[in-house]
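Colleague: Here it is, the structure in full.
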Amino acid sequence: MASPHKPWRAEYAKSSRSSCKTCKSVINKENFRLGKLVQSTHFDGIMPMWNHASCILKKTKQIKSVDDVEGIESLRWEDQQKIRKYVESGAGSNTSTSTGTSTSSTANNAKLEYGIEVSQTSRAGCRKCSEKILKGEVRIFSKPEGPGNKGLMWHHAKCFLEMSSSTELESLSGWRSIPDSDQEALLPLVKKALPAAKTETAEARQTNSRAGTKRKNDSVDNEKSKLAKSSFDMSTSGALQPCSKEKEMEAQTKELWDLKDDLKKYVTSAELREMLEVNEQSTRGSELDLRDKCADGMMFGPLALCPMCSGHLSFSGGLYRCHGYISEWSKCSHSTLDPDRIKGKWKIPDETENQFLLKWNKSQKSVKPKRILRPVLSGETSQGQGSKDATDSSRSERLADLKVSIAGNTKERQPWKKRIEEAGAEFHANVKKGTSCLVVCGLTDIRDAEMRKARRMKVAIVREDYLVDCFKKQRKLPFDKYKIEDTSESLVTVKVKGRSAVHEASGLQEHCHILEDGNSIYNTTLSMSDLSTGINSYYILQIIQEDKGSDCYVFRKWGRVGNEKIGGNKVEEMSKSDAVHEFKRLFLEKTGNTWESWEQKTNFQKQPGKFLPLDIDYGVNKQVAKKEPFQTSSNLAPSLIELMKMLFDVETYRSAMMEFEINMSEMPLGKLSKHNIQKGFEALTEIQRLLTESDPQPTMKESLLVDASNRFFTMIPSIHPHIIRDEDDFKSKVKMLEALQDIEIASRIVGFDVDSTESLDDKYKKLHCDISPLPHDSEDYRLIEKYLNTTHAPTHTEWSLELEEVFALEREGEFDKYAPHREKLGNKMLLWHGSRLTNFVGILNQGLRIAPPEAPATGYMFGKGIYFADLVSKSAQYCYTCKKNPVGLMLLSEVALGEIHELTKAKYMDKPPRGKHSTKGLGKKVPQDSEFAKWRGDVTVPCGKPVSSKVKASELMYNEYIVYDTAQVKLQFLLKVRFKHKR
């Protein structure tokens, strides 16, 4: 995911267009300004609220840490010091106007708070030696208490003990969590440093005595304190006193700015661009940006191209960063403190007559100095508005700091309450002040009172898997990946006219329609997801024409997926020709491609940093009048009517889409096209390759994972896109796409538009599958009931099954495809298959299918095939029912197994070996064969109770049967089953 933005940005104004949010006056060009970074409500991105720096530095409690300020390294040294002294003092009343006033007395009087921990990242830098603190190393932090003093100072434990040798490690917060081996290594360091510490303490005592600032007794008391006096002399910016490196950095910064001032005085913008071109540097940016790039190159040498994407680097946020794209889907993530530079001198254009440049060129040295930079501490910042301070973030990984409330019924809450308390976290019966997050169980109503209260109090609302992952990793995790945003506004039902739907936000849906001109339908939904920047945007573009007249409107709606509070919309009235011209202009601007290339599916190419159109097919080809389909009379049997209502219930599909976190606002009832799903599978296949193959370059692997994840979430818009980087997450996305395939079929076959005139009978006919209820006293019903009741596996204890209805099936054309295998192969069995309710319209219409070629080859123990079981509960697991929705559907299929290839452990294959027609995974528990029955003469029904098999070395608990040809399967019965969940 994108790194959280820093709360503040510091820079010199690039123009005189901004005004100060504090004093309301204009911020003149090149004036020092500070911007508070906030999420824009107008677009999907971050925007600065600019202020004069002097206005901010007069206030208290604004900037909590130097590391909270983006761009501080690019300021003049004097302005950098203003911010540092503001943070050190904790009050900004005098720092804005004085650069030389010492604030050490304030810092010295501040009480310090200390802690010790094992570093969870490699992002922090030691304030003493300026080296990185690597992941797994023990580090010590200090933090002054009091208003405004919220900056953390990190040190290697060894470096800290060299400065403060009398530290009682056992008294530090977090000492008990340090591994014994690390404790044993640290304790001798205290003992070794004690003699030197006594000398330093004596010197400090003598100095303080001469200065008259401390009495002798105070020094004695300090020896008994937890930390030596020397540690109190540290400034919040992290240094005991100006070191040689700090002085070098100051001198270098001043020299660099002298050069920038000369460039401003003597060199024009055009000459700066020419100079950058000659040196193969980027020429993009404002006059200030050009000046910065030229000064950097003149002083330190021209920058080489990015090693990952061959893009241009520039200095930003304390690092040299690449601003190019690793592919059309993703920005390049390369950044470094020590970039490669082109060998040789900085070049001056041959034709230049600029005397300053000519004079400078004669004096330039062939060997350039190296730029001195501070270690980047981007991971150790407070996150500004709505977040905890830096101290809290340093300890946020402890489960003891997690305070959880649960949304759901009492039975769902009780098990979680016990687990939360056992893990050491705190359970809150209701959301209140101090609650860290509200965890949503199951399908809790988004209008739930606790959820409304949590939103009012700005408490994070997260999914159950947040707690699962916290307990697994034994620490409090960030909420971002698990958040459930308010999607109540996103449940959009569309009003379809013609071949498309007018967006309801336009307010024109009642008396207008989408403009159609021949094969052209002027309606598109654009998507862009980039995990490296945090962008997850949509853009809707439509030409809307009045039903009675020729007037047209160009409608635009934009924002962030899953968040209706961010974005906006616009409706402009114009003539038809002007509307078409404006539509095409906007499409080209947003996608980098012409409308014709997309319409004709020729030469369309995704462009870096641009949107991608999504295929949305509303599944309707004619205009219809509004009617309630379920209220009309039907010729179907009552039990079949209830089944059809289950299959065609829009809320079932809506709930599935919500479970998958699909953006339902801009994908009305998730009508993704087959093309999008196919492209989603292709992205997952690439992710699978990256996860399974060893890569010697972790940075490149991470960038490629970001790129493939961007492709996936652009094709399949999600409320919470993230980097897919582990096997479980990957498999869940594969299952999601498999389910979406059937939702796509259901939407295309049945349609979910509210104005449909189709009755249940009409929808039933479109399934092309004859479905007949079985009488409960029939022989087939009793056999199936016995099969269900006797084959429940002993380990599946979470629920029991109750048979409600059985329907005989006859899919159109299926018997003819199956007949040759029925006669030729033999060895036929009646076997179980379970699936989500949302998959059954697709199954009844098209039969059981094998995963497509573009789907990743994972999650399939024995390859891509159709899987069956002889124990009912083995298949029932895949119905994914719950207490609120306890009724599921299951299949009994006649399967022509032929010669079986038997295995005791997983082995991927595209098809069984020569001479074999199916695969069987041998389980440790099997149905008792003496109780098997025959159906229709030669079809085996393995309806015996589970017993131990003779196979002892198998990795499988229960039998699995796999065929690799759909023609070997004939659907026979559909079962309506009630799951009686026990918890």
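Yeah, the Cβs are placed from backbone N, Cα and C, and that goes for glycine too.
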Colleague: Would you mind telling me which of 121-165, 301-345, 886-930 Swiss-Prot tags as region 'Zinc ribbon'?
Modeller: 301-345
Colleague: Write out how many residues of the zinc finger (114-194) are helix, how many strand and how many coil, based on DSSP.
Modeller: 28 helix, 19 strand, 34 coil
Colleague: Within the same chain, and leaving aside Cys126, Cys129, His156, Cys159, name every residue whose CB is within 8 angstroms of the centroid of the CB atoms belonging to the recorded Zn(2+) 2 site, in sequence order.
Modeller: Arg127, Lys128, Ser130, Glu131, Ile133, His155, Lys158, Phe160
Colleague: Where DSSP helix means H, G or I and strand means E or B, what are the helix, strand and coil counts for the domain 'WGR' (511-611)?
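Modeller: Once the DSSP states are binned, the domain 'WGR' (511-611) shows 21 helix, 48 strand, 32 coil.
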Colleague: For the domain 'PARP alpha-helical' (633-751), what are the DSSP-based totals of helix, strand and coil residues?
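Modeller: DSSP classes over the domain 'PARP alpha-helical' (633-751) add up to 83 helix, 3 strand, 33 coil.
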Colleague: Looking at the binding-site residues Cys20, Cys23, His52, Cys306, whose Cα is closest in space to that of Cys159 (Zn(2+) 2 binding site)?
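Modeller: Spatially nearest to Cys159 (Zn(2+) 2 binding site) by Cα position is Cys306.
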Colleague: Using DSSP with the three-state reduction, classify Cys20 (Zn(2+) 1 binding site) as helix, strand or coil.
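Modeller: Going by the DSSP assignment, Cys20 (Zn(2+) 1 binding site) belongs to neither helix nor strand, so it counts as coil.
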Colleague: What residues, ordered by sequence, lie under 8 A Cβ-to-Cβ from Cys20 (Zn(2+) 1 binding site) and sit at least six positions away in the same chain?
Modeller: Val26, Ile27, Arg33, Trp50, Asn51, His52, Cys55
Colleague: Including all protein chains shown, what's the count of other C-beta atoms within 10 A of the C-beta of Cys23 (Zn(2+) 1 binding site)?
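Modeller: I get 13 for this one.
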Colleague: Cα-Cα separation of Cys322 (Zn(2+) 3 binding site) and His156 (Zn(2+) 2 binding site), in Å?
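Modeller: Rounded to a whole number, the Cα-Cα distance is 30 Å.
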